[in-house]
Structure formats: structure tokens, C-alpha cells
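What Swiss-Prot records for this protein:
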BINDING   GLY74, THR77  Na(+) binding site
TRANSMEM  4-24  transmembrane segment
TRANSMEM  33-53  transmembrane segment
TRANSMEM  67-87  transmembrane segment
TRANSMEM  97-117  transmembrane segment
Amino acid sequence: MYYPLLSIALGSVLGAWLRWFLGLKLNPIYPQIPLGTVTVNLVGGFIIGFAMAYFAHSDLNPNYKLFVITGFCGALTTFSTFSIEIVTLLQSGKWGMAMLAISIHLIGSLIFTCLGLATYYWVAGH
């Protein structure tokens, strides 16, 4: 019971530290498009794709999958989870569902970000 939790926790710590470090080092280079954020999203997408394929053909203990995918990639970027879900839909020939999911994720995230900002300003009385 504790090994899955520890696997996720350790992966999360390392993923979060890497995200923070890359943000510190890369975001100031070109602030209009934060390169640290772009980097973690692209690297996270690559890692989760590689890991999903690898673990599908591996006899390794499932805790390693939890460490890499749920922990590390989850903390590094949630974009990697989104990416693998969309690719899975596309591989299944569900193009319409993939496009719908992309639209919901992207537009929905922007809307909810705006709602979060508006809620703060409303609650704070600004």
C-alpha cells in the first residue's frame, strides 16, 4: 500500500523541482513565450509517450509507472496527460472526440482561468 504512494510522491517532488528549475532558467530568456513552460510541456509529452509505450511492453513493477507517469510527469506538467489522452483517441480513430477534447481542454482552461481571476477580483472587491 505504501509503495505506490511513495512512488508517486518521489516522482512528484522531482518533477516539480525540474519544472521550477527550468522556469527559473528559461522563462527570462524570452518572457513573451515562457520557454520553461513550453519546455516542460514538450518534454513531459515526450516522456509520457515514451513511458506509456515502454510500460505497455514491460514486466517492471507497476510502481515504476506510477513514479514516472503519475508522479514525475504529473508534477512536471499536466499537459503530458492531456497529450497521451488525445493521442490515444486519435490512435483509436476517434478524431471527432479528440478534436472535442482538445477544444474543451484549451478553451475551457482559458475560460476557467478568466473565471478564477474574475472571482478573485470580485471577492477582493477590486
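The first residue you see is number 1, and the count goes up from there.
Quick reminder: no glycine exception, Cβ is built from N, Cα and C everywhere.
Classification of GLY74 (Na(+) binding site) by DSSP places it within a helix. With a cut-off of 8 Å between Cβ atoms, the residues of this chain six or more beyond the transmembrane segment (33-53) that come close are 18-19, 22-27, 65, 68-69, 72-73, 76-77, 79-81, 83-84, 87. Long-range contacts of the transmembrane segment (4-24) within its own chain (CB-CB distance under 8 A, at least 6 residues past either end) are made by residues 34, 36-37, 39-40, 62-64, 66-68, 70-77.
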